[in-house]
Amino acid sequence: MDNSKAKLPAHSHKRKHSEPSNSNTFSHKPTQPPSKNLLQQHKRRKFQDAREISAQASEEAFRDGQFDMVSFVSSREYEIKSLLRSMNSSKNAQRKRAFQNLPRDLRRRTAAHSAKRVPKRVRATARLELVGDNTAPSRKRRDYRPETRRLNVAQLRMLSNTSTFAPRGGNSGSWGKISSQIASRSSRYRKRQRHKTWLPTHIWTAKRAHMVTKWGFVLADTPTLKCYRPTYRAATRGGCMAFDTSYYATVVIEGRESNLKRCLMKLLPPRDLGIVGKSVVSGESTVSTWLYEERGWPTAAIAPVQLFWCNRLRLGAQEGVTKGNDQRKVILRVHPASWDNVWRVVASCSTSSNCIARNLRFEIGSIRLTGPQSTNILEALVGVGKCKLARKSSPLNTIIYESAEDPRINSFYVRNSRPVPLCDNNPHSIGKPHMTLFDRDYRNKSVNGLVSQKTINSKVAKWMLGNRSEPLSRSEVPLVMIKESLGEHSTSGIPNSHQESSCDCWSILLPWKWVRPFWLVLVRTNGVRMGGLKEIEQLTLETGVGYYPVDFPVTTAGQAEAARRCREASDRTDRRKGRKTKQTLKQSLPIDSPPMEAEYGYPWSMVFGSMINPNRGLERIWTLPPNSVNIFAQTQNPSSPLTKLATFTAYITLIGRGKLKNNAYVYGFPEATSSSLKSLKIKHTSCTADKVRSLETLIGYREGERDIRVSTAAEMAGSTEYNTGSPIGFVIRGNFSFAEGQPVAIAVLAWSKAWGCRRQGESTLAGWCFIRNEEERAMRVAQWSAI
């Protein structure tokens with residue numbers, strides 16, 4: 001046979017790019033690396049070859065009507081060896097390394113082949129893998145710098161002279177009795193929390209997320225794994241986002257029902273369902289509202305709060321207590337950024353109303369679940385029947401009181417193998433309406449029943465061997481489950497279209513020390529992802545709701561947050577000044593605007609002008625919460641002195657292409673009249689017919705009839721000759737929205753100026769505006785709607 005015509009193996013074309021050409025012509029083109037398709041084909045062929053089993057043609061196994069065992073085995077020997085060879089190759093083809101055992105979102109170290117960078121329990125396996133691959137283990141690089149060597153020599157010389165280490169007035173024989181280690185791990189952790197507080201899940205979270213210190217807590221800013229797109233998929237399509245929200249403060253006000261209502265009337269706005277709502281007062285639902293200074297509505301807003309009443313005691317009706325005089329409890333959950341002001345006002349009003357305010361800040365924690373699968377995951381975690389947490393039967397703001405057992409004993413390896421219940425009495429079947437999370441004795445009893453993971457493991461081992469004399473756990477964990485909405489939005493008006501598609505959101509309130517056991521079981525559930533503060537900002541922007549305190553910069557907590565972000569932006573700018581970079585067009589534009597550092601991050605003097613009293617400054621500017629926007633739109637006169645310095649939060653959607661950056665300027669769009677649009681057409685006489693038609697679509701704009709050609713109006717409005725006047729507000733944060741498919745932003749607008757730019761004949765407060773980013777001249781058309 002001719003060797004030139006011999007058949008090549010199937011994998012010979014892999015190195016075709018590196019084979020020299022047979023032609024005599026010299027090519028100047030370098031050798032190209034293998035393409036991505038070739039690598040994928042090689043990987044697919046590797047798996048196919050590993051699973052392929054060779055076989056031989058069958059032979060006669062019967063001779064003279066008898067079965068010949070030796071002939072049959074010898075003829076099948078090749079097939080048996082081929083089967084064993086295929087099994088080994090298939091096992092090695094899909095083998096995972098020691099650092100690949102956990103999913104990517106649960107790993108706490110960077111993936112590395114070094115055995116020193118994997119957990120201790122799998123280091124031996126990692127070393128065997130290196131030996132099997134004939135890979136040299138990594139060694140620590142020796143430091144040959146002269147200064148390091150001098151320090152080491154000086155230290156060795158000092159240690160060699162032991163006479164200088166004689167104790168001062170002490171006995172050298174007592175040295176061996178003193179331990180150099182700290183007595184306990186808790187004391188070592190307590191020293192690190194002198195000026196800040198760790199959440200119950202800090203030890204687990206700090207290894208898998210970037211941590212920041214805010215509001216007196218060490219919080220997770222964002223996971224170390226890149227998760228911007230997976231966060232949106234988990235929260236909207238199929239999955240669940242988990243947040244440790246134990247930093248939220250809990251306040252309990254206890255007293256008679258009449259005294260509690262009188263206390264709440266001083267702090268809440270009028271017409272609020274938190275006082276007169278039947279379902280709220282009975283303890284069946286919650287209400288999200290805003291807390292004000294005493295008798296300070298509407299100009300003295302402090303912070304948003306979540307309010308609900310504890311259910312009435314069934315024992316009170318048996319003792320003959322009249323309605324309105326029985327002892328009730330009101331629970332307030334507030335953001336830690338405004339904790340000082342909230343506690344000051346609540347303590348003062350409760351004392352004057354003959355009520356008692358209790359601080360449960362570090363006694364009650366919470367976990368928030370957001371996503372389409374949050375209801376199913378909550379049922380699997382708590383073990384509550386589907387009839388109570390069904391999505392259709394549980395409307396928004398529903399509150400459910402339950403008690404659960406230790407979730408660690410309900411893990412998959414126990415739940416799938418146990419034939420009998422673990423406890424003699426099911427805690428869900430015991431009717432204890434008065435035993436809730438807010439009873440101190442019941443809560444302390446539950447915390448005292450908490451056992452370590454080591455104790456549970458030993459009990460599980462005995463239980464698996466057949467010793468089932470005692471249950472694995474006797475502790476009952478009191479829970480309060482609330483179905484709520486994400487972010488801050490209007491509760492008194494009709495929700496916007498971008499708010500109607502908000503995903504399910506559940507908050508679980510439980511004792512502080514029980515948060516960690518529930519969290520460790522939750523994050524190992526299939527479909528759950530951990531989130532931080534940046535993920536909350538991302539989801540609130542996608543949903544089109546406000547995020548406190550970032551989106552409310554006029555409040556006390558919002559001013560501090562705006563100042564902090566302004567300092568961070570200033571530091572980033574200062575670090576870039578020393579770089580030898582070429583000046584861009586945006587940096588060379590002579591933009592006449594005051595520095596953004598003024599007035600707590602936003603130059604409000606450009607918006608209100610002479611309306612601000614120079615003696616009082618920003619004390620006169622106040623924020624209009626989302627639940628009061630529609631009330632003022634229907635009752636108050638926009639030109640009244642009360643609303644001339646009011647601001648409100650709005651949701652902005654860009655029309656067409658472009659970007660919405662932070663701290664952008666928002667200009668009012670004049671009324672869509674023919675005269676104003678005619679002036680725009682005259683300034684741009686060189687426009688084509690399509691651009692003119694795109695401007696005419698603004699006159700007859702109706703909901704659901706958006707024309708994409710309106711985006712060209714942004715280019716026409718970018719001329720500096722068109723005078724838009726002073727800005728009406730500023731963009732707080734903006735980004736591209738996956739839900740809308742276009743750039744969106746959250747902005748703060750002045751009420752008196754935005755009222756003239758609203759669209760007539762609509763149920764919600766909305767209108768048109770121009771957006772101009774910092775250091776840019778181009779203006780882009782957008783529409784805003786009050787949150």
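Here the Cβ of each residue, glycine as well, is placed from N, Cα and C on the backbone.
All annotation found in TrEMBL is predicted automatically rather than curated by experts.
Database features, via TrEMBL:
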REGION    1-52  region 'Disordered'
COMPBIAS  8-17  compositional bias 'Basic residues'
COMPBIAS  20-40  compositional bias 'Polar residues'
DOMAIN    72-255  domain 'Pop1 N-terminal'
DOMAIN    506-580  domain 'POPLD'
REGION    561-590  region 'Disordered'
COMPBIAS  562-574  compositional bias 'Basic and acidic residues'
DOMAIN    720-785  domain 'POP1 C-terminal'
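Taken as a whole, the domain 'POPLD' (506-580) shows an average pLDDT of 89 in this prediction.
According to DSSP, the compositional bias 'Basic and acidic residues' (562-574) comprises 13 helix, 0 strand, 0 coil. Counting residues of the domain 'POP1 C-terminal' (720-785) by DSSP class, helix then strand then coil, yields 7 helix, 34 strand, 25 coil. Using DSSP to sort the residues of the domain 'POPLD' (506-580) gives these counts of helix, strand and coil: 44 helix, 10 strand, 21 coil.
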